[in-house]
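Here is what TrEMBL says about this protein:
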type: DOMAIN; residues: 93-217; note: domain 'Phosphatidic acid phosphatase type 2/haloperoxidase'
type: TRANSMEM; residues: 6-27; note: transmembrane segment
type: TRANSMEM; residues: 63-86; note: transmembrane segment
type: TRANSMEM; residues: 174-194; note: transmembrane segment
type: TRANSMEM; residues: 199-219; note: transmembrane segment
type: TRANSMEM; residues: 231-248; note: transmembrane segment
type: TRANSMEM; residues: 260-279; note: transmembrane segment
type: TRANSMEM; residues: 299-317; note: transmembrane segment
Amino acid sequence: MESIPGWQVIFLGGIATWIVFSSILNVTQKLRSLTQPWVSHYVMSDTSIVLKIQKYEHRYLDAFFSGLSCVVSVPFYTAFLPLLFWSGHCKLARQMTLLMAFCDYMGNCIKDVVSAPRPSSPPVRRVTATKDEEDNAMEYGLPSSHTLNTVCLSGYLLHYILSYTGSGDVSTEVMGFSLVCLVVGLIGVGRIYLGMHSLIDIIGGLALGLGILTLWLSVDKYIDDFVVSGQKVASFWATLSFLLLFAYPTPELPTPSFEYHTAFNGVALGIVIGIQQTYHQFHHENVARLLTPQLRLHAFVGRMLVGIPTILLVKFCSKALAKWILPILAYTLGIPVRSTSYIPALNGAGKKSDIKQSGYVQKLFFFSRQTSFDVDTGIRLLQYAGLAWSTVDLVPSLFSHLGM
């Protein structure tokens, strides 16, 4: 039986210790009291900049910047990443998935710690063309997630393309870098034009994105080696995913940010577990890649037609299974639970179960100030973990059996 590597114990123990002491010392509230007034002042003073940009209001600009925001949104990346796995660029896909999860966690943590407002509307005109944008508008402003994600993912994509092609041509590198800068710039201007962010939010997203990208480029090889061939990977990542549900700040007012973090936390968990199990079968460096004789375009379209319905079915089944199992498990362990939206019936019995069970929970989670736990968090984690696992394990197995 393999022993648990010491660094894993230290790393996970460090996170658990941080959760306890940050709660005891009210770290979130103290950081918010230092940063929120300063950021809010800049948001208010930046209103004039937003209004100047919005003087160029036009329906074509509305459509262009709204469409561009959708292309770099979290739902788009969630839909795009499975296709990247199935195209044969598995290393790029798993790196971008984990990088996206890290960006989402860091960005949303800072949003909810600072709890700084978006530009006031009115006088600012806020354009929310999609349901996703309406949900985004409910989050806090600093940093701009769109800017942060675009910097990190487009920067890493450029790094991968230059490394994969082995091109040492300076003009190609300059052209690629210029294109990335153009996209980032358009995203930043677009978020201000749409009234979703102030200048300080864009600068914050840019600075954080550059910092995360620099860090990731220095550790991506070590992370990838660990995921594909490390020891105790599944147990380590499952524990990490669980701890990250608690290592998250409580915002001043409820926002969807924690839900987004939980979903991508589940995606990262499912990807890591699936890759660990099937790397040598479906995800090694010699798999067929799109637009090669081994994987023609029509075969890739066939993969999409099989894969997309399959992962959506697995997501549905994972959610249904989690809705059935988690409340029973919570009751058995003496954990009082509630449900924000998935299981309304739980809220009717909440007070009775809280009285009976709260003593056990306070012993287990003594650092938590909650009287009950939202079972929706666990359901969301498991359904997205199931979706991601099926993307890299179940669906490639289907491709293999179907000769695709």
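Using N, Cα and C of the backbone, Cβ positions are placed for all residues, glycine too.
Note that the structure is a prediction, hence the values are computed from the model and not measured.
Below 8 A, the CB atoms of the transmembrane segment (299-317) and the transmembrane segment (63-86) form 3+ pairs separated by six or more positions in the chain.
Per DSSP, the domain 'Phosphatidic acid phosphatase type 2/haloperoxidase' (93-217) is made up of 92 helix, 0 strand, 33 coil. Model confidence over the domain 'Phosphatidic acid phosphatase type 2/haloperoxidase' (93-217) stands at 90, taken as the mean pLDDT rounded to a whole number.
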